[in-house]
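**Student:** Attaching a single structure in structure tokens format; questions to follow.
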Amino acid sequence: MCAVMSRSVEFPREMAVDDGGDDDDDPGQVLDNMEVSPPPPGLETEYETLFTTDALLFLSELISTFDKEVDKVLWLRVSRKAQLDLSGDLPSFLEGTTHIRTDPTWKVLPVPPRLQKRHVDIGDMAPCDSQRFIRALQSRAQGIQVDFDDGNCPTYYNQIKGIHNIVQVVHNQFPNVPPISQAPVLMLRPRAWNMVEHNMMVQGKEVPGPLFDFGLLMFHCGKMLFDNKSGPFLYLSKVESFMEARLWNSIFVWTQLKLGLPLGTIKATVLIENVLATFEMEEILYELRDHSAGLNCGIWDYSASFVSKFGHRQDFLLPDRSKYVNMEKLFLHSYMDLLVQTCHRRGALATGGMAALLLPQDPHSDSYRTVLSSVIRMKLLEIKAGVDGFMVYDLSLIEPMQKLFQLHTKGDNQLQQLRKDVAVTPDDLLSMPLGGVTLYGLKYNIAVGVLFIDAWLSGKGHFFYRGQVEDSATAEISRSQVWQWIRHQARLEDDSRVVSRALVTDLTREVRMELSCGCHSVRAEQQLHTAADIFLEVVLKRHFPEFITTYLNVEHTFLSSQKIGPLEASKSKL
């Protein structure tokens, strides 16, 4: 690591910087109760811009105030999982909060004008990718999911580069993009609670990743976004309970008071991507009723959560996702219907998941028409269910999806669609689709899992495979299914072979050999081999690792790979 740079600002005596001389192993800035690693190579200017005296003081106080509360909600997750495992019970709607669900009078505060129309957001927009970020800002999308979670690999370089890019955009310093008041609205998505930031310590502990992201973004951008009537607006990932929503609400209130923003300024869309959260959607909205921009539903993180919570139970064996799992299945369309009904009943917006398919370049080709028809069919299901918007990855899908909304809806949103026809039961939400396991689906899941880990080792949070974008959500469902099929010794539909350790090991080796044809250097091939080994390590564990991102974030191979500069890392894939 490089030595600490000289600073252009002076810290107060009680937060004095230990400059560490010229020692290459210098730990970085050492402050009172706070340590910050030196800048990633090539980002010294960005680092200096972000880590000012006042910003560090704000981060230190934010993290110190809420660190114990973060630990509490994480321990509550563990406790809830243990209770379900020990009792064999299944989740249901909470008895203790019946009064919230049955009270028809409360509503969330109306969202500001810039959020009233949320037809098409761009998803998986890792802001460290400056060129794609520019293209997104120049697009006609309503919003951009500025993503530090599913589509982003949280290397120190990526976090600093991405946050600095956002600061530049918000302050109208980014080249060739409209001012923030005219560009697509930024929906900032910090990391989820399961992630930690290794490069900052407060009171002797690595800090929660979402507080690191949220704190820097709010300190540098919150006031400017508010002044331009463009935020601050957020996506909140992997929330599992109303207690976690309550924590976020407390963080919002504290932050607004500290930054001199009116209460209710921050608006957040909560992603309901965990089966337990589905039973607490009303309560989540209630806790965030002054700060809610609605709820969002996706497919793959949500499906993977069934394996995480109940995967050891035979009754919850999830069949081949490539053949049997889609939004037309009872457990998924019930979840979407309930989400829309819940949101609209409370005056909140309901948004759908991301279209991951990529349009072929030739708009006159049969393949182009086939892909577009597939996206239209699935997204039309969401529109007819009453969603107010959804996401796309491919910027070429923005215009056709906006036309889809114009053809099938009236006005800026569908809040008037109250879905009084919906009466979803716990059995509906917990009903597994019928189906088995195919050899194609098993190999596909293995390939996605291996390639995701390979991407992370290269400092990338998403990749392209067989005509669509893959990220941590698809990696989660892929590795979850392989683990579960091994656990329950599922049989292939093709030839009745048992999905065993030996079979998965052999197929992983076979998939790795097929994928290695795309490697153009010895180093890239070695990295792919490492990724395959880590994948097998994950799917053969006795106990299910809850998040693949958590597993990788503390995995020694990944931490070591962060020492590679971005240019060197990218060259290794050429």
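Using the three backbone atoms N, Cα and C, a Cβ is placed for every residue, glycine included.
Curation plays no part in TrEMBL annotations; they are all automatic predictions.
Pulled the feature table from TrEMBL, pasting it below:
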ACT_SITE  Arg189  active site, proton acceptor
ACT_SITE  Asp471  active site, proton donor
COMPBIAS  17-27  compositional bias 'Acidic residues'
DOMAIN    185-431  domain 'Malate synthase TIM barrel'
DOMAIN    439-551  domain 'Malate synthase C-terminal'
REGION    13-38  region 'Disordered'
**Student:** For a quick check of packing: other C-beta atoms within 10 Å of the C-beta of Arg189 (active site, proton acceptor), how many?
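**Tutor:** Excluding its own Cβ, the number within 10 Å is 28.
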**Student:** May I ask which residues of the same chain, at least 6 positions away in sequence, place their Cβ under 8 angstroms from the Cβ of the residue listed as 'active site, proton donor'?
**Tutor:** Asp124, Asp150, Gly151, Phe452, Gly461, His462
**Student:** Could you give the number of helix, strand and coil residues in the domain 'Malate synthase C-terminal' (439-551) as assigned by DSSP?
**Tutor:** 75 helix, 9 strand, 29 coil
**Student:** Give, as a single whole number between 0 and 100, the mean pLDDT over the domain 'Malate synthase TIM barrel' (185-431).
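**Tutor:** Looking only at the domain 'Malate synthase TIM barrel' (185-431), pLDDT averages out to 97.
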